[in-house]
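J.: Dropping a structure here in structure tokens format, bear with me for questions.
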Amino acid sequence: MRLLGIDPGLRHTGWGVIDVVGNRLIHVADGAVHSDAGCSLAERLVQLHDALSAVLDDHRPDEAAVEETFVNANAASTLKLGQARAVALLVPALAGLAVAEYANNMVKKAVVGQGRADKAQVQAMIRLLLPGCTISTPDAADALAVAICHAHHRASWTLWRRTGAARPSSSSATILPLPDREGSKKDERA
């Protein structure tokens, strides 16, 4: 199972791809996509869309997970981050992937064991959980953490999506199941 984690941001959107083989996590790739601050907001969102689409084309994940945004004191910044996050949700959804969402504290708890861990602790645990991984950027580290979190939680989400059983109880995570669509990229991979 190949998982894509995304840490959305308007300037820099981190991404990380891992493979889950049994109970092992294997680092595949990570990086960040960038938008040009000199362009209009619409152009920047297109840049993020196109770059994330290229990541999906290159690595062909089976599922994706996106970090939820926090509300900032600056409403304009929060709104722009929300728009970048919408692109991060849209790109894998258009490819026919199920997309999970996780709160920042849930990601940290899944990776480090406690929800208030600092970035250095998260990065140290990523290196332990993904041996041989050299993290390219802080945004990529956050995205790898999101992918690891999804790897830890996906079994309950998969059961929920397939059976229609009661939704997992955590209010800090959401998954967006998508109906089967003809012509999706996922269908083309089969």
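Quick reminder: no glycine exception, Cβ is built from N, Cα and C everywhere.
Not my notes, these are from TrEMBL:
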type     : residues     : note
ACT_SITE : Asp7         : active site
BINDING  : Asp7, Asp139 : Mg(2+) 1 binding site
ACT_SITE : Glu67        : active site
BINDING  : Glu67        : Mg(2+) 2 binding site
ACT_SITE : Asp139       : active site
REGION   : 168-190      : region 'Disordered'
COMPBIAS : 179-190      : compositional bias 'Basic and acidic residues'
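Burial and contacts for the listed features, if you can.
T.: All chains included, 27 other C-beta atoms sit within 10 angstroms of the C-beta of Asp7 (active site). Annotation note: Asp7 (active site) sits in a strand segment as assigned by DSSP.
Sequence-distant contacts (6 or more apart, same chain, Cβ under 8 Å) of Glu67 (active site) comprise Gly5, Ile6, Asp7, Pro8, Glu101, Tyr102, Ala103, Asn104, Val107, Asp142, Ala143, Val146.
Mapped onto three states, the DSSP output places Glu67 (active site) in strand.
Other Cβ atoms within 10 Å of the Cβ of Asp139 (Mg(2+) 1 binding site), summed over all protein chains shown, number 24. In the three-state DSSP scheme, Asp139 (Mg(2+) 1 binding site) is classed as helix.
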